[in-house]
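First the structure, in the form of structure tokens, and then the observations on it.
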Amino acid sequence: MRILVVEDEHLIANSIKKGLGQERYAVDVCYTGTDGYDLAVTEDYDLIILDLMLPGMDGLTICQKLRKKNIHIPILMLTAKGQIQDKVQGLDAGADDYLTKPFAFEELLARIRALTRRPKDSLDSILEVGDLKLDTKSFEAKRKNKIIMLSSKEFSFLEYLMRNANKILTKNQIIAHVWDYDADILTNTVEVYIKNLRRKIDKPFINSKPLIQTVRGFGYKLG
Ligand code: CA
């Protein structure tokens, strides 16, 4: 899951990046509205955390411009304390939710989970594909009730595959959603992760159908 944070207060922006990084999100940060808008239209994000007051271009304008361009990435707007009018305007401009600064990090995480949850995901944040289960809150992966140990990146990788189960994903799509902008990732890194995930989630379960499939010439599919 890859998130864009547009916030001109460096301290807030960097602490969000650090905190979300620990929660297995790939995070890009920018400090001006114009950079934020440019990244939002060129890169592939799962969510944007957007401050309202920004140099260059304000949050409302960014929101309106993205929606006008038919870009429907969930947007969580950050507003200053007590500015009810800002919240109303934010939602009118196409934001999906807002959070008042200062906020508790736990609340930010809860909002992110709510905004990135697909309708068929269960409320308790567990993703399921066949007999494979992934708890995105406790970071636990299980197949046939056997716990699978995953590294932090393997977990994010598998989460992305599970959220897009039964869809063919190209290596570039996977890179765009699992790693942040600064990460220097080659497509064969994806192959290495696929190999490791197969070793952990498919190989030990010889009586189950392998879940990770290679679609030759295109990419991979889970399911
Ligand atoms: Ca600001």
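Counting starts with 1 at the first residue shown.
Cβ atoms are placed via backbone N, Cα and C, with glycine included.
The shown structure was predicted, so the numbers you read here are calculated from the model rather than taken from an experiment.
Lifted from TrEMBL, the feature list:
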type: DNA_BIND; residues: 124-223; note: DNA-binding region
type: DOMAIN; residues: 2-116; note: domain 'Response regulatory'
type: DOMAIN; residues: 124-223; note: domain 'OmpR/PhoB-type'
type: MOD_RES; residues: D51; note: 4-aspartylphosphate
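The average pLDDT computed for the DNA-binding region (124-223) is 92. The Cβ of D51 (4-aspartylphosphate) has V6, E7, D8, E9, G59, M77, L78 as same-chain neighbours under 8 Å, each 6 or more residues away in sequence. D51 (4-aspartylphosphate) falls within a strand when secondary structure is assigned with DSSP. Remark: secondary structure over the DNA-binding region (124-223) totals 36 helix, 25 strand, 39 coil, with classes taken from DSSP.
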